[in-house]
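See structure below.
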Amino acid sequence: MSLEDTLANMSLYDAKKYFRKAQNVVFNYTEMEGKVREATNNEPWGASSTLMDQISQGTYNFREREEILSMIFRRFTEKAGSEWRQIYKALQLLDYLIKHGSERFIDDTRNSINLIRILETFHYIDSQGRDQGINVRTRVKALIELLSDDNKIRAERKKARETAKKYKGVAGGSASADGSLNSKAGFTSTKVHGISVSADFDSDNEDNEDGSFSQNGYNDNASRATSTPGQGKQEPEDFVDFFSSESSKPSKELIQEDEKKADEEEDDDDEFSEFQSAVPVTNPANSFNLLNTSPIEGMPATTSSMPFYNSSTTDQGKITPAIAEPKKVDPFSSLFSTAKASAEAPSAPKASQAKAAASNPVSNSTTALSTDQDDDDEFGEMHGGAVQQEQNTNNNHTSSKEIDLLSF
């Protein structure tokens, strides 16, 4: 077909269509704005449902939603009364998007409801004397009532989903193929809660969270599962069936690992239990000093139940007590010896008592230490020094009658 034939067969409406496309390029309109302009043209027929459905998909995108809403409001404010068809079509498109579009779009429309209220006083009388503004006023009144009632919005959106499901859900007994359109547009509620109450309660008693409808049994996920019957429910790889014979080997290995871990824990517990059960055995009958291994007088020398005492008691005769030191370097020993020699005759009874006391230093020290059995063994040398000092003072008193060493 030649260009002349194409121009000859072109109607006035086709010329307007190409002219609008040229305007979109000149004024740098986006694709979504061009679709809105196409749906709100000045033709005597309404926009197609396919075009309005494509526009409703754009309400789920933030940028396209702003473009759609701004272009619709421009139709309200920039058009004259003679272009009442474009205003009426813009109101019709807005009503469709509220019922089928995103819930965020409803919130944005409510924020700009004052621009819609301006059209409540719209008037236009054509050349034939007919008031064409009554159609616009009626549509504006119904739209404001819809935006003011949340329950009505939920009911209308539910009805729109059911209607769309009848005509779009299934064709020829099989699930429809996924097209370029958004499957969520007007059929399921979004997860984002907006300002409107309808956004918060749109899914109550209407559809489930997985996209299924509770009343009529429609489930988007179920239809996808039935379309591919070969793909059944796959079990995870780590799942082990303990009741089947095939999984006996891995189950035995798991049981052996658990038993091994339990044995290790029991071994750790046994070590601590042995440590706690080792209660020290005390023997009050024989209180041994680590530095003095000789038992207390009057008590029979019995071996202790502790193993380290047995090794020390075997050499009691060989070990000399650390408390009583028989030989010690004393600068005044010569003076004591001369004093004892001179006073040996008159003080024989006292000297004999002193010799008896000196001959048995262990008994004196043990009797003195019997009162301090609960003290620490580290201070045993201090007690021994005190006993030896008492012996020296006794010897000084015995010889004080003849010679006073302090008088020098």
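Please read every residue number as a count from 1 along the shown chain.
In case you wondered, yes, glycine gets a Cβ from its N, Cα and C as well.
Summarising the annotation, Swiss-Prot assigns compositional bias 'Acidic residues' to 201-210 (among others).
The feature compositional bias 'Polar residues' is assigned by Swiss-Prot to 211-231 (among others).
Marked as compositional bias 'Basic and acidic residues' by Swiss-Prot: 249-263 (among others).
What Swiss-Prot records for 264-273 (among others) is compositional bias 'Acidic residues'.
The annotation compositional bias 'Polar residues' is assigned in Swiss-Prot to 279-317 (among others).
As annotated by Swiss-Prot, compositional bias 'Low complexity' applies to 338-361.
Residues or ranges marked as compositional bias 'Polar residues' by Swiss-Prot: 362-371 (among others).
According to Swiss-Prot, the compositional bias 'Polar residues' annotation covers 388-398 (among others).
Marked as compositional bias 'Basic and acidic residues' by Swiss-Prot: 399-408 (among others).
Residues or ranges marked as domain 'ENTH' by Swiss-Prot: 24-157. A mean pLDDT of 91 is what the model gives for the domain 'ENTH' (24-157).
All protein chains shown were included, and the count of other CB atoms within 10 Å of the CB of Ser2 (N-acetylserine) stands at 7. Residues or ranges marked as N-acetylserine by Swiss-Prot: Ser2.
Residues or ranges marked as phosphoserine by Swiss-Prot on the basis of a large-scale study or a structure entry: Ser196 (among others).
What Swiss-Prot records for Ser198 (among others) is phosphoserine.
The annotation phosphoserine is assigned in Swiss-Prot to Ser203 (among others) on the grounds of a large-scale study or a structure entry.
Feature annotation from Swiss-Prot assigns phosphoserine to Ser212 (among others); the stated evidence is a large-scale study or a structure entry.
According to Swiss-Prot, the phosphoserine annotation covers Ser223 (among others), on the basis of a large-scale study or a structure entry.
Ser2 (N-acetylserine) carries neither a helix nor a strand DSSP state and counts as coil.
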